[in-house]
Amino acid sequence: MDDTAPIDWKRNLYIAWLGCFFTGAAFSLVMPFLSLYVEQLGIQGHEALNLWSGVVFSITFLFSAIASPFWGRLADRKGRKLMLLRSALGMAIVMALMGLVQNIWQFLLLRAALGVLGGFVPNANALIAIQVPRNRSGWALGTLSTGAVGGALLGPLLGGYLADTFGLRPVFFITAVVLFICFLVTFFFIRERIEPVREKGMLSGRQVMVSLQNPHLVMSLFVTTLIIQVATGSVAPILTLYVRELAGQTDNLAFISGAIAAIPGVSALLSAPRLGKLGDKIGPERILVAMLILSVLLLIPMAFVQSPWQLAVLRFLLGAADGALLPAVQTLLIYHSSHQVAGRIFSYNQSFRDVGNVTGPLLGASVSASFGFRAVFLVTASVVMINAFYSWLSLRRKSNRELVSEAE
């Protein structure tokens, strides 16, 4: 293949979307029965089972947060395609090994390894972000985000069916095959023109931030990513219990809870490309602030709903707003960083996202234990409202600085 030929960024986008879909599906395939597998490995008793289930779930995000900056640095040196291949193949091997474990410690170690070797989605975001024309980046990143969301929606349904049909362990092997397909698709169809940077010429993490035109804004975007994940995860531990409180006695609690849990993903699939395209026209910063404010306005009434269907409608609308948030953040990150450091900027953002994935459920569980289920939505709304104000100030400061520069 001619390395000087122009890269078809749209083809790369669609292939990366497929890879993100496979990765999202693979990760979520095992989620419906994670606690059951922990129990199968010898953990007995309600408290012990809850504790170990929480630990094996969280440890993946913790190790991902630690490892992401290292992989981002390597991506800036060796290219993003190599990181995609490393991630897909590494996760495939780890998933296959998970199907062979004999005790909880082996499983815990492999869940940590999964976090270390992960990172397909942020590297796909970085790859597409630096290849796409700037005036199409909102649409492109919004479209790409629907891949992982779509996979994450399908995964639990398929995983539950496969576990019921074949048992728990075979699902890990099936997941490994899905990830290996992702590796093959990436290897044969993704194209990248690499401009290698020597280790000697690499900037340190501090130098990367100093080299940015607006490091304060970039840091505020990292914080926004963290808050988005905190807001998403804070409801997860209490959602089924809250639905049970709203529904009363019902025979299909699992179905209703599952539908209400999944419905934001459906609306995010519909909204992300459209709002991303709108962001290309009016500016991603306007989309970001508007959707943060809309999220606050939707979270508050969730604390006062009287039926599961009222909650479902609000969560559908919230998903439409949430679907635009991370693509808007990623678009702004690429606007305010050079291609030479894009890998690390996206990896730092992933670390903040992973921290949010861990702290969100902890916040929700602690607030609900102290003040009840409804308080979780009010506390989450307060956190998002503070972040919306902080984001507005940061973006306004950036706009004022640009006006001063133009005047000079």
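Note: Cβ is positioned from N, Cα and C throughout, glycine not excepted.
Quantities reported herein were computed from a predicted structural model and do not represent experimental measurements.
Feature annotations, courtesy of Swiss-Prot:
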TRANSMEM  13-33  transmembrane segment
TRANSMEM  51-71  transmembrane segment
TRANSMEM  89-109  transmembrane segment
TRANSMEM  112-132  transmembrane segment
TRANSMEM  138-158  transmembrane segment
TRANSMEM  170-190  transmembrane segment
TRANSMEM  221-241  transmembrane segment
TRANSMEM  253-273  transmembrane segment
TRANSMEM  287-307  transmembrane segment
TRANSMEM  375-395  transmembrane segment
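Contact check: the transmembrane segment (221-241) against the transmembrane segment (375-395) gives at least three Cβ pairs closer than 8 Å, residues 6 or more apart, which meets the contact criterion. A Cβ distance under 8 Å defines the sequence-distant neighbours of the transmembrane segment (51-71), meaning residues of its chain 6+ beyond its ends; these are 34-35, 38, 43, 83, 86-87, 104, 107-108, 111-119, 122-123, 205, 343-344, 347-348, 350-352, 354-355, 357-358, 361.
Beyond its flanks by at least six residues, the transmembrane segment (375-395) meets 216-217, 220-221, 223-224, 227, 230-231, 234-235, 238, 285, 288-289, 292-293, 295-296, 299-300, 302-303, 363-364, 367-368 of its own chain at Cβ-Cβ distances under 8 Å. Of the recorded ranges 13-33, 89-109, 112-132, 170-190, 287-307, the transmembrane segment (138-158) has the largest number of C-beta contacts under 8 angstroms with 13-33. Tertiary neighbourhood of the transmembrane segment (170-190): same-chain residues 11-12, 15-16, 18-19, 22-23, 25-26, 29-30, 33, 81, 84-85, 88-89, 91-93, 95-96, 98-99, 120, 127, 159, 162-163, selected by CB-CB distance under 8 Å and a gap of 6+ residues from either end.
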